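Q: Dropping a structure here in structure tokens format, bear with me for questions.
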Amino acid sequence: VLSDKDKTNVKATWSKVGDHASDYVAEALERMFFSFPTTKTYFPHFDLSHGSGQVKGHGKKVGEALTQAVGHLDDLPSALSALSDLHAHKLRVDPVNFKLLSHCLLVTLSSHQPTEFTPEVHASLDKFLSNVSTVLTSKYR
């Protein structure tokens, strides 16, 4: 459960991310594909090379979903219901991959915002991304 302070940290950090969300998520996806090659199996039709338009496009989708989630911190299940259905029933993504992408996104955010990425902010963002992952995998059961 996100505390009020966690929510404040997440909203403040995401407001600083702003228009860079798509780029940061695309960078995190590249980092995930490089660091955890098995994650590539879900994207056999993608050009996964550095700077790929397809990876950037997916980064945009994920970035928009995270922005939507930040705007609905008190009701993530409703805000992400359609994405949860998509990932559970159509795409059948292994739930561990959400954790891997979350980790890579935290690394990416910390590299772009080192001053703002305090241990407290790190913990808040980690909780937020964990909550998003939990919601996205909730319909697997």
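Positions of Cβ are set from backbone N, Cα and C atoms, glycine also.
Here Swiss-Prot flags 1-141 as domain 'Globin', drawing on sequence analysis. What Swiss-Prot records for LYS7, LYS11, LYS16, LYS40 is N6-succinyllysine. The phosphothreonine feature in Swiss-Prot is assigned to THR8, THR108, THR134, THR137. Residues annotated as N6-acetyllysine in Swiss-Prot, with similarity to another entry given as evidence: LYS16. The phosphotyrosine feature in Swiss-Prot is assigned to TYR24; the stated evidence is similarity to another entry. Here Swiss-Prot flags HIS58 as O2 binding site. The heme b binding site annotation in Swiss-Prot covers HIS87.
In the displayed structure, how are the listed features positioned relative to their neighbours?
A: Its own atom aside, the Cβ of LYS7 (N6-succinyllysine) has 16 Cβ atoms within 10 angstroms in the protein chains shown.
Counting only same-chain residues at least 6 apart in sequence, none has a Cβ under 8 Å from the Cβ of THR8 (phosphothreonine).
For the recorded site, LYS11 (N6-succinyllysine), the DSSP three-state label reads helix. Sequence-distant neighbours of LYS11 (N6-succinyllysine) (same chain, 6+ residues apart, CB-CB distance under 8 A): VAL70, LEU73.
Residue density at LYS16 (N6-succinyllysine): 12 other Cβ atoms are found within 10 A of its Cβ, drawing on all protein chains shown.
The local packing around TYR24 (phosphotyrosine), expressed as other Cβ atoms within 10 Å of its Cβ over all shown chains, amounts to 20.
Cβ neighbour count for LYS40 (N6-succinyllysine) (all protein chains, 10 Å cutoff from its Cβ): 13.
Under the three-state DSSP scheme, HIS58 (O2 binding site) falls in the helix class. HIS58 (O2 binding site) has a Cβ environment of 17 other Cβ atoms inside 10 Å.
Taken residue by residue with DSSP, HIS87 (heme b binding site) is part of a helix.
Under the DSSP three-state reduction, THR108 (phosphothreonine) is assigned to helix. If you draw a 10 Å sphere around the CB of THR108 (phosphothreonine), it holds 21 other CB atoms from the protein chains shown.
Within the same chain, no residue at least 6 positions away in sequence has its Cβ under 8 Å from that of THR134 (phosphothreonine). DSSP assigns THR134 (phosphothreonine) to a helix in the three-state reduction.
Within 10 Å of the C-beta of THR137 (phosphothreonine) we count 19 further C-beta atoms, all protein chains included.
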Q: Name the one residue among LYS7, LYS16, HIS58, THR108, THR137 whose Cα is closest in three-dimensional space to that of TYR24 (phosphotyrosine); these are the recorded positions.
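A: For TYR24 (phosphotyrosine), the closest Cα among LYS7, LYS16, HIS58, THR108, THR137 is found at THR108.
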Q: Does HIS87 (heme b binding site) have same-chain partners at least 6 apart in sequence with Cβ under 8 Å from its own Cβ, and which are they?
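A: Those within reach of HIS87 (heme b binding site), by Cβ under 8 Å and sequence separation of 6 or more, are VAL93, LEU136, THR137.
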Q: If one measures from the C-alpha of THR108 (phosphothreonine) to the C-alpha of LYS7 (N6-succinyllysine), what distance in angstrom results, rounded to a whole number?
A: 20
